[in-house]
Amino acid sequence: MVSQRKEFVRAFPDHLWRPSITHTPKFLGLEKDAGLWRDTNYGEGVIIGVVDTGIYAAHPSFDDSGIPPPPSKWKGSCHGTAAAHCNNKLIGAKFITVNDSGDVIGHGTHTSSTAAGNFVSGASAQGLGRGTAAGTAPRAHLAMYSMCTLRGCDSVDIIAGIDEAIKDGVDVLSLSLAPIYDVEFSADPVAIGALSAVAKGIVVVAAAGNNGPKSFLANSAPWLLTVAAGSVDRSFETVVQLGNGNHINGEAFNQITNLSSKPKSFPLHLNKHCKSWPGRNVAGKIVICHSTGPMNDTGPSINKTDISAIISAGAAGVVLINRKAAGFTTLLEDYGNVVQVTVADGNNITEYVRTTSKASAKVIYKNTVLGVRPSPTVAAFSSRGPGTFSPGVLKPDILAPGLNVIAAWPPLTMLGSGPFHIKSGTSMSTPHVSGVAALVKSCHPDWSAAAIKSAILTTADIMDSTGGPILDEQHQRATAYAMGAGHVNPTKAVDPGLVYDLGITEYAGYICALLGDQDLAFITRDLRLSCKMLPKIPEAQLNYPTITVPLKTRPFTVHRTVTNVGPSNSIHTLKMEIPKSLTVRVYPETLVFSKAGQKIRYSLTVSSSDSESSNFMEGSLSWVSVTHVVRSPIVVALL
């Protein structure tokens with residue numbers, strides 16, 4: 001039996017995981033021939049491994065113009081149909097237990113190009129967002145580990161892909177994957193495989209999942225860099241001009257050019273469930289209908305065949321009203337001649353139709369509008385913390401662009417056609433952060449995975465384009481459980497000043513405190529660690545760059561250690577933003593460094609004067625020097 005073999009550790013039931021998908025680099029402050037891209041040479045020399053559905057290797061985003069050969073440490077190779085197109089950009093392509101079919105889904109092509117696609121001029125998705133496409137780290141190398149199919153991604157295949165990437169020598173692993181239900185760490189092959197990668201210095205970036213604004217958060221292990229999804233300052237704007245003169249701003253995936261200055265007006269017809277019912281005449285009318293589905297499912301769930309049936313019946317078009325739970329998030333889908341609007345705007349249209357005898361409207365296509373405010377906002381579908389199995393570590397970690405992202409796509413798939421396509425999800429936000437991690441790695445090749453994560457978190461933006469706090473899908477102030485430390489800022493991340501570092505022994509000590517010796521053996525596999533040799537580290541005491549403490553009236557103290565990666569001689573002074581009902585004391589209040597690499601430990605003691613009126617409060621702690629602000633969210637919660 002396999003269980004009796006010497007190398008056997010544990011068998012666990014196989015679970016199914018799912019993939020979670022021009023302008024975004026500029027939104028992140030990345031400009032060609034300037035700033036961070038120029039200073040890091042666009043991530044040159046860094047290898048990003050992508051575990052996904054495959055890759056359409058012939059896409060121009062994977063052309064290797066201007067990219068040198070991979071570093072000598074690279075041990076990977078290209079197999080199957082991708083081999084003919086492998087080059088200095090796409091340096092690896094392996095198919096783990098699935099047939100080599102390139103990428104019949106499109107997801108892996110999209111995520112790979114978002115992380116490290118080369119520059120492609122004249123890119124657009126059906127004419128929308130026209131410009132030059134590029135990944136976040138355009139000169140980084142790519143390696144694809146394909147094991148996902150239309151039905152999802154099997155756990156055993158994912159861990160095999162991760163192990164293969166570790167052997168090949170990747171620097172960053174991008175996992176735009178999430179389980180269909182919550183999985184504890186000791187039974188989670190992704191968490192297990194990722195810890196082996198982190199032990200080798202590989203940054204592992206993973207999707208928070210698309211279960212927002214309720215339900216569970218995926219990939220919550222503290223050694224993962226867990227990414228939430230937000231909007232950018234771009235809209236594919238389409239105006240529904242009502243007969244009473246009111247303008248309703250929506251968005252449309254498919255837009256046609258208004259050939260005249262006076263678009264044609266059509267009667268409006270209410271059809272709540274988006275069904276083509278026999279005997280109801282919709283010919284020559286714009287049909288108004290509602291997206292349906294469970295409240296935590298914020299994306300459209302209308303069947304394309306229902307929309308097609310309405311259009312086939314002669315309808316002039318469809319206005320699809322988002323769910324209430326989606327708020328101001330419009331997740332575009334390729335439904336055909338459809339305009340998508342928020343529930344608030346949809347209600348205004350519905351009221352107009354109900355109170356007007358001959359209600360009518362015109363549709364005016366604006367194509368692409370930039371400078372949309374506020375931005376970013378947290379997308380409705382983005383999963384919220386805390387994590388189920390370790391609520392004492394703040395998750396998600398970071399927010400990044402994940403709504404209506406344009407990236408590379410195969411020529412023809414069941415989910416749309418290329419060469420570029422619009423997709424949304426934490427699958428799309430994850431490779432943005434993978435690219436940022438590659439840029440940081442190119443500047444600091446000797447930094448640990450935890451140091452790179454810390455740099456990304458402590459330099460995150462907490463303000464939006466209006467100068468106010470980042471908002472959620474309902475345009476309420478986003479909590480740390482929605483956006484983590486804030487929105488990723490690549491330029492600041494390469495120069496954080498201080499970092500909160502962690503190694504495999506600290507993660508192992510955390511596992512010992514949380515789960516015990518048996519689960520440590522399952523999770524760490526061949527690292528040969530035992531809880532008998534390690535100090536147990538409770539969640540709150542893990543040297544994480546964010547701080548979560550239990551809500552109590554009695555004082556609770558946590559400790560953190562920061563490492564100086566900025567100027568040799570620097571002084572950092574404490575700055576805090578704390579709710580009035582919390583008392584927070586930090587010692588020392590000034591950190592004085594005299595050399596690079598120096599470590600200083602500080603303590604933070606929290607107590608609450610009102611622990612019964614709220615189960616969650618948050619503030620922040622910053623260490624401020626002449627050149628740096630090193631910010632950590634503080635979450636005080638019932639755990």
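Backbone N, Cα and C define each Cβ position, glycine as well.
A TrEMBL annotation is a machine prediction, not a hand-curated record.
According to TrEMBL, the active site, charge relay system annotation covers Asp52 (among others).
The feature active site, charge relay system is assigned by TrEMBL to His107 (among others).
Sequence annotations record features per position, and here TrEMBL assigns active site, charge relay system to Ser427 (among others). Taking the Cβ of Ser427 (active site, charge relay system) as centre and 10 Å as the limit, one finds 30 other Cβ atoms among all the protein chains shown.
Among the features that TrEMBL reports, domain 'Peptidase S8/S53' is placed at 43-466.
Feature annotation from TrEMBL assigns domain 'Subtilisin-like protease fibronectin type-III' to 541-636.
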*Report the DSSP secondary-structure composition of the domain 'Subtilisin-like protease fibronectin type-III' (541-636) as helix, strand and coil residue counts.*
1 helix, 58 strand, 37 coil
_His107 (active site, charge relay system), number of other Cβ atoms within 10 Å_ = 29
*Could you state the CA-to-CA distance between Asp52 (active site, charge relay system) and His107 (active site, charge relay system) to the nearest Å?*
7
